[in-house]
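Student: I grabbed these lines from Swiss-Prot:
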- His174, His282: substrate binding site (BINDING)
- Asp194, Asp205, Glu402: divalent metal cation 1 binding site (BINDING)
- Asp205, His274, Glu307, Glu402: divalent metal cation 2 binding site (BINDING)
- 28-40: compositional bias 'Basic and acidic residues' (COMPBIAS)
- 41-53: compositional bias 'Basic residues' (COMPBIAS)
- Ser35: phosphoserine (MOD_RES)
- 1-53: region 'Disordered' (REGION)
Amino acid sequence: MTDAEIENSPASDLKELNLENEGVEQQDQAKADESDPVESKKKKNKKKKKKKSNVKKIELLFPDGKYPEGAWMDYHQDFNLQRTTDEESRYLKRDLERAEHWNDVRKGAEIHRRVRRAIKDRIVPGMKLMDIADMIENTTRKYTGAENLLAMEDPKSQGIGFPTGLSLNHCAAHFTPNAGDKTVLKYEDVMKVDYGVQVNGNIIDSAFTVSFDPQYDNLLAAVKDATYTGIKEAGIDVRLTDIGEAIQEVMESYEVEINGETYQVKPCRNLCGHSIAPYRIHGGKSVPIVKNGDTTKMEEGEHFAIETFGSTGRGYVTAGGEVSHYARSAEDHQVMPTLDSAKNLLKTIDRNFGTLPFCRRYLDRLGQEKYLFALNNLVRHGLVQDYPPLNDIPGSYTAQFEHTILLHAHKKEVVSKGDDY
């Protein structure tokens with residue numbers, strides 16, 4: 001399925017974002033190097049003034065508080081159109097009651113689109129992953145007004161939805177740099193960029209893949225096509241296994257040639273899309289990317305992240321590597337830690353993140369020091385869950401694309417769609 005098959009809502013328009021007029025600083029070193037050498041020398045002798053980024057808080061850009069709708073798609077299953085009049089009225093009433101919720105989701109989606117428009121062309125080989133993560137997250141903080149959690153009355157009201165995933169090559173997910181990481185993005189790398197925005201706990205989860213070497217183009221095309229196939233198949237009363245089957249069929253129809261070797265693109269069969277719940281990135285339902293026999297159905301009003309991962313490896317990931325991602329446990333544990341440091345850290349986590357995922361860098365930013373022992377203590381007590389990087393076999397390459405969708409009574413809304421993917 002292609003992007004052209006998705007019909008944009010007139011209200012959405014998803015128009016180009018003139019970020020230059022909003023004052024987003026563009027660091028284009030290449031152009032500076034190509035400038036006249038005499039003028040360049042003069043400029044270097046002048047005192048450099050740091051440009052101030054004027055990314056505006058999103059509320060200032062939409063003073064009426066109404067945010068653009070996503071791209072609308074019809075349900076293609078007949079049974080979604082067979083509602084009785086009473087049922088139609090009931091679902092319409094529910095949609096009206098959910099208006100504030102939908103608007104929060106759309107607000108997060110608009111921020112996500114603006115952030116990726118600001119950063120996508122600035123991701124180039126030679127950058128440290130740490131700098132890429134900071135660029136994405138600081139832009140998100142500026143749009144959401146969550147630049148200083150310590151100064152916010154409610155740090156969980158809106159801001160970053162989860163740590164920025166910057167997973168390279170055979171690592172498919174759950175990698176973000178910890179303090180001191182010096183990893184540099186290379187021309188031959190394939191990097192999954194997965195970041196989130198949340199407004200009142202309503203999370204936008206959307207991801208894309210960056211590569212520079214054209215030999216990976218077919219890998220990215222396969223995964224993007226598979227993701228849109230999943231979006232097309234999704235709908236009220238649709239069985240999850242049927243979505244996975246459709247995704248698998250499309251993904252496996254692609255081949256990619258890398259360094260003279262031809263590989264079938266395989267779905268990473270133990271990675272899934274998922275429903276999203278308030279302040280919980282994984283809401284309870286998993287959307288497979290292979291046929292798995294799960295007859296659970298999607299329901300009206302649900303909020304899903306449809307994501308697919310394709311690999312040139314075995315199509316199966318295992319956990320391994322230094323942990324960076326954490327989240328408060330979904331289970332209600334009565335046992336509390338005995339260490340004072342662990343108790344204090346838990347209070348910091350509860351106040352600033354609640355059940356939203358976080359990473360070590362976020363604790364660093366809050367001024368936490370020497371907290372790793374306390375954090376591991378919380379993990380051992382089951383109060384915090386750690387999420388190690390997920391890897392296919394070394395030497396393989398993985399790609400990811402993802403969108404957040406809303407299931408309305410009569411249509412689905414691809415709320416995070418932009419003009420880029």
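Glycine is treated like the rest: Cβ placed from N, Cα and C.
I'd like these features described in context: how deep, what's nearby, how far apart.
Tutor: Under DSSP, His282 (substrate binding site) is assigned to coil, being neither helix nor strand in the three-state scheme.
Around the Cβ of Asp205 (divalent metal cation 1 binding site), a 10 Å sphere holds 27 further Cβ atoms from the protein chains shown.
Counting Cβ atoms from all protein chains shown, Glu307 (divalent metal cation 2 binding site) has 27 others lying within 10 Å of its own Cβ.
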Student: Spatial neighbours of Glu402 (divalent metal cation 1 binding site) among the binding-site residues His174, His282, Glu307, defined as Cα within 10 A: which are they?
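Tutor: The binding-site residues passing the 10 Å Cα test are Glu307.
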Student: Just to verify a number: CA distance, His274 (divalent metal cation 2 binding site) to His174 (substrate binding site), in angstrom, no decimals.
Tutor: 15
Student: Among the binding-site residues listed here (Asp194, Glu402), identify the one with the smallest other-Cβ count within 10 Å.
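Tutor: Relative to the other binding-site residues in Asp194, Glu402, Glu402 has the fewest Cβ atoms within 10 Å.
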Student: Return the residues near His174 (substrate binding site), defined as same-chain residues 6+ apart in sequence whose C-beta is under 8 angstroms from its C-beta, sorted by sequence, else 'none'.
Tutor: Gly165, Ser167, Ser324, His325, Tyr387, Pro388, Pro389, Leu390
Student: Compare the Cα of His282 (substrate binding site) against each of the binding-site residues Asp194, Asp205, Glu307 and report the nearest.
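Tutor: Given the candidates Asp194, Asp205, Glu307, the nearest one is Asp205.
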